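A quick write-up on the structure given underneath.
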Amino acid sequence: VIRAKAVSAKEVDSGNDIYGNPIKRIQYEIKQIKMFKGPDQDIEFIYTAPSTAVCGRLLDTGGKKEYLIAGKSEGNGKMHITLCDLVSTWDSLTPTQKKSLNQRYQMGCECKISRCLSIPCFVSASDECLWTDWAMEKNNVDGRQAKHYACIKRSDGSCAWYRGMAPPKQEFLDIEDP
């Protein structure tokens, strides 16, 4: 998970398919601004399919637009992204999302987020947070919970949604139901 700018793009070969036809990829050269989660080295290149029809992600080059990108790292300065990966412009993130990238999301690494696709739905364990944006906001994957909450682990080992810009208070971490 990185914050970065794409500075250039070029089409490159990345092997052949099972019929011997060349596979093309777009190679974005990027300027990494911050690594939130990933390898100890900077990401220099991001690879994606050449069009959205084959799940490629198109990035604005020129180094002006900043992105939050969650993809698959090879650990050698290369990352791959598809339409299924998170790619958002930095300016489109809420203040809560930006703050949570630096602090809050790490508090939920041992928690599971369970999708609620239709009401009613329930969690099956105390280490789960029920994500209801899809069911409650007409199939919206970028709804109120996604924009303003973080699923964090409390001191009793259970997980719960937390909303707010300030770090959670100790009382929150010690209560049963927030």
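Placement of Cβ uses the backbone N, Cα and C atoms for every residue, glycine included.
Annotations in TrEMBL come from automatic prediction, not curation.
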Original post:
Which of these links to Cys159 by a disulfide bond in TrEMBL: Cys111, Cys116, Cys121?
Top reply: Cys111
Subject >> Partner cysteine of Cys116 (disulphide bond, per TrEMBL) from Cys109, Cys121 >> reply: Cys121
Subject >> Cysteine of Cys109, Cys151 paired with Cys129 via disulfide, per TrEMBL >> reply: Cys151
**OP:** Starting from Cys129 (disulfide bond), work out which of the disulfide-bonded residues listed here (Cys111, Cys121, Cys159) have their Cα within 10 Å, and give them in sequence order.
**Re:** Cys111, Cys159
**OP:** Between the Cα atoms of Cys151 (disulfide bond) and Cys159 (disulfide bond), find the distance and write it as a whole number of Å.
**Re:** 6
Subject >> For Cys111 (disulfide bond), nearby residues of its own chain (Cβ under 8 Å, 6 or more apart in sequence) >> reply: Asp127, Glu128, Cys129, Cys151, Ile152, Lys153, Cys159
